[in-house]
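**Q** So TrEMBL has the following annotated:
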BINDING   R59, T60, R109, H137, Q140, G265, P266  carbamoyl phosphate binding site
BINDING   K87, R170, R224  L-aspartate binding site
DOMAIN    7-150  domain 'Aspartate/ornithine carbamoyltransferase carbamoyl-P binding'
DOMAIN    157-302  domain 'Aspartate/ornithine carbamoyltransferase Asp/Orn-binding'
Amino acid sequence: MSELSVKHLLGIKYLKETDIQLIFETADHFKEVINRSIKKVPSLRDITIANIFFENSTRTKLSFELAEKRLSADVLNFSASQSSVKKGETLIDTVNNILSMKVDMVVMRHPNPGAGIFLSKHVNASIVNAGDGAHEHPTQALLDSYSIREKLGDVAGKNVVIVGDILHSRVALSNIFALKLQGANVKVCGPKTLLPKYIDSLGVGVETDLRKALEWCDVANMLRIQNERLDISYFPTTREYTQQFGVNKKLLDSLDKEIVIMHPGPINRGVEITSDVADSKQSIILNQVENGVAIRMAVIYLLASKIK
Ligand code: CP
């Protein structure tokens, strides 16, 4: 396959397994490019991309911007907190104003689930979902799987546990779709209150005992407790959460194998993961960030080839 089956990247749910393999093969090439002394290619000199962020971001925003610049695209950065959104302008009006400046692609982060899908139906540009509320974060899941493939050789057949707040996590949902599409075995682990009611329909195992989950897995993806999305109390105290679902070095060292530790960031050090685990040789957290640039270059490059 030489092109994606989709015009937008709205979620992993809409991708085929062959799309993921094409993105990974393209990312392999771009990873080689960004490790050269000249880290840039002229591929997208005629493309303009707007990054519009209605929610805070460090990794995703910088990574998309760097990916676009490495591909030689023209880049516009829009932050809702400093824009006329604050004066009451709607999402569609905001985006149509940006598009009237001849923008070809919009990368959007938005707090509302489905915001990217809504936009793709109302504007004539390629849309990339950079995280929509608690729904999906497709490029995060792609870079996560790519990092597992890099570390362990393949994703198929690997046992991956996603630990923490599954209920509010777009990273969890996109990872579940991506990992299952590639043939990984997936479990989730967390307090029952932070597991969605529909979890069984996603075809994943559920484990509420962290030690058992870690003994089973090859990879543990530790999620952040998203205090900004917790409208009620889902567990008694942060201290108790950490005691039951936090990973520390002592626990890791007591396992009879060396598992891989991942985290999408930002990390709450000392809550879901201790510093000695985050910074250990078992952690691939910074590799995930590094791979994010190559993956986003691949996604943008492949989507841009469909609008030319
Ligand atoms: N992983 C992730 O989405 O991080 P940011 O919120 O910093 O972009």
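Keep in mind that glycine also has a Cβ here, set from the backbone N, Cα and C atoms.
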**Q** By DSSP assignment, list the helix, strand and coil residue numbers for the domain 'Aspartate/ornithine carbamoyltransferase Asp/Orn-binding' (157-302), in that order.
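**A** Final tally across the stretch: 64 helix, 24 strand, 58 coil.
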**Q** Measuring Cα to Cα, tell me the gap between G265 (carbamoyl phosphate binding site) and R170 (L-aspartate binding site) in whole angstrom.
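**A** Cα-Cα, rounded: 13 Å.
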**Q** Reported in the order helix, strand, coil, what are the DSSP residue counts of the domain 'Aspartate/ornithine carbamoyltransferase carbamoyl-P binding' (7-150)?
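**A** So the counts come to 70 helix, 27 strand, 47 coil.
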**Q** Can you tell me which of R59, T60, K87, R170, G265, our binding-site residues, come within under 6 Å of ligand 1 at the Cβ?
**A** R59, T60, G265
**Q** Determine, for the carbamoyl phosphate site, the additional residues of the same chain whose CB lies within 8 Å of the mean position of the CB atoms of R59, T60, R109, H137, Q140, G265, P266; present them in sequence order.
**A** S57, T58, A130, G131, V171, P264
**Q** Have a look at the binding-site residues T60, R109, H137, P266 and say which one has the shortest Cα distance to K87 (L-aspartate binding site).
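**A** Nearest by Cα distance to K87 (L-aspartate binding site): R109.
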**Q** Can you tell which of R59, R109, H137, R170, R224 has the least company, meaning the fewest other C-beta atoms within 10 angstroms of its C-beta, among these binding-site residues?
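**A** Lowest Cβ count within 10 Å among the binding-site residues (R59, R109, H137, R170, R224) is R59.
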**Q** Determine the minimum-neighbour residue: among T60, K87, Q140, G265, P266, listed as binding-site residues, which Cβ has the fewest other Cβ atoms within 10 angstroms?
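**A** Taking T60, K87, Q140, G265, P266 as the binding-site residues, the minimal 10 Å Cβ count falls on K87.
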**Q** Report, in whole Å, the straight Cα-to-Cα distance of P266 (carbamoyl phosphate binding site) from R224 (L-aspartate binding site).
**A** 7
**Q** Suppose you look only at the domain 'Aspartate/ornithine carbamoyltransferase Asp/Orn-binding' (157-302); what would the mean pLDDT be?
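**A** For the domain 'Aspartate/ornithine carbamoyltransferase Asp/Orn-binding' (157-302), the model's average pLDDT rounds to 95.
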**Q** About how far apart, in whole Å, are the alpha carbons (Cα) of Q140 (carbamoyl phosphate binding site) and R170 (L-aspartate binding site)?
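**A** Cα of Q140 (carbamoyl phosphate binding site) to Cα of R170 (L-aspartate binding site) measures 9 Å after rounding.
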**Q** Between R59 (carbamoyl phosphate binding site) and R170 (L-aspartate binding site), how far is it from one CA atom to the other, in Å?
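**A** So the alpha carbons of R59 (carbamoyl phosphate binding site) and R170 (L-aspartate binding site) sit roughly 15 Å from each other.
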